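Below: one structure, written as structure tokens.
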Amino acid sequence: MSEALLVKVGGSLRGAEALLDELSGYPGPLVLVHGGGPEIGALLERLGFQSRFVEGLRVTPEEQLEAVEMALYLTGKRLAEGLSRRGRKAVALSGRDALCLRGQALPGLGRVGEVVGVEAGLLLDLLAGGYTPLLAPIALDEAGPLNVNADTAAGAVAGALRWPAVFLTDVEGVLEDPQDPRTRLPRLTPEGVEALKARGVVRGGMLPKVAAALRALAAGAPWAAIAKGERGVLGRVLSGEAGTRFTPGEAPEKPA
Ligand SMILES: Nc1ncnc2c1ncn2[C@@H]1O[C@H](COP(=O)(O)OP(=O)(O)O)[C@@H](O)[C@H]1O
Ligand SMILES: CC(=O)N[C@@H](CCC(=O)OP(=O)(O)O)C(=O)O
């Protein structure tokens, strides 16, 4: 059987037909964590709110949380429908369902948090029943829901499942020059990431993604990868032809 994968689908890939075809056609078990940054931004703007980001995280005042959840849940339902229509029966949930994501608030960002506990039983039961679970990145603390960066949530879930994490986004992987897709770094180690960050090469939305890839490794995922969400990507990530793969050991860092 094909390898079980935790796949994070970025909001920047919403509705991409090729991606839905790719995910629905993957022969192995999948658990999906989805984002929705662009959808959240658009809804907040329609409601008259302007978002501010700190190191890639959306500052989320209490009064904006409801809109964040609404945008995320609609994104999840659309993805679940798209996959289900293609024959892969999918169910869209969030960390509020069966209390499966426990969170902790991060200081100074409003109702934003990180994941400190994953109860994977619901996900495994759905898989055993033939359903593909899709999780929106909302976790719970004692005070209620927290907006969690979707990459962070995906890394935590991959670690808990001890499955590889594949972060699908709109770029080929981590790029030495973010403007040039030919500069993809095929492999990175935690030490290599530190060097890139020190040089300012990894910025914006790539920061939580890289941090989540490393956290997934630290939490028990055998490997993690960042790759472009297009047709054929999962097979090419598994064979090492696409994306940036993060491994705990030593690895050379050279542009592709
Ligand atoms: N070194 C880098 N390599 C690739 N992308 C980078 C890098 N530094 C910053 N980025 C930016 O990170 C973006 C991906 O993050 P993000 O927009 O949050 O994606 P998603 O919505 O899929 O989670 C890229 O589109 C790119 O603009
Ligand atoms: C705290 C925080 O930043 N949460 C994210 C959750 C969605 C997300 O991460 O979506 P993408 O994967 O599309 O970027 C946000 O509000 O945008």
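Note: Cβ is positioned from N, Cα and C throughout, glycine not excepted.
Small disclaimer: the values here were computed from a predicted structure and weren't measured.
Listed features, source TrEMBL:
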| type | residues | note |
| --- | --- | --- |
| DOMAIN | 5-220 | domain 'Aspartate/glutamate/uridylate kinase' |
| SITE | Lys8 | site 'Transition state stabilizer' |
| BINDING | Gly36, Gly37, Arg58, Asn147 | substrate binding site |
| SITE | Lys209 | site 'Transition state stabilizer' |
* Per-residue Cβ crowding (10 Å cut-off), top of recorded positions Arg58, Lys209 -> Lys209
* Asked: Reduced to three states, what secondary structure does DSSP give Gly37 (substrate binding site)?
  -> helix
* Just jot down the residues in the same chain as Gly37 (substrate binding site), at least 6 apart in sequence, with C-beta under 8 A of its C-beta; none if empty. => Gly10, Gly11, Ser12, Arg58, Ala150, Gly205
* Structure fact -> For Lys8 (site 'Transition state stabilizer'), the three-state DSSP class is strand
* Under 6 Å from ligand 1 by C-beta, which of these recorded positions make it: Lys8, Gly36, Gly37? Sequence order, please. => Gly37
* Within 8 Å of the Cβ centre of Gly36, Gly37, Arg58, Asn147, which other residues of the chain have their Cβ, at the recorded substrate site? -> Gly11, Gly35, Ile40, Gly41, Thr60, Val68, Ala71, Leu72, Pro137, Asn149, Ala150
* Among Lys8, Gly36, Asn147, which are recorded as recorded positions, the nearest neighbour of Lys209 (site 'Transition state stabilizer') by Cα -> Lys8
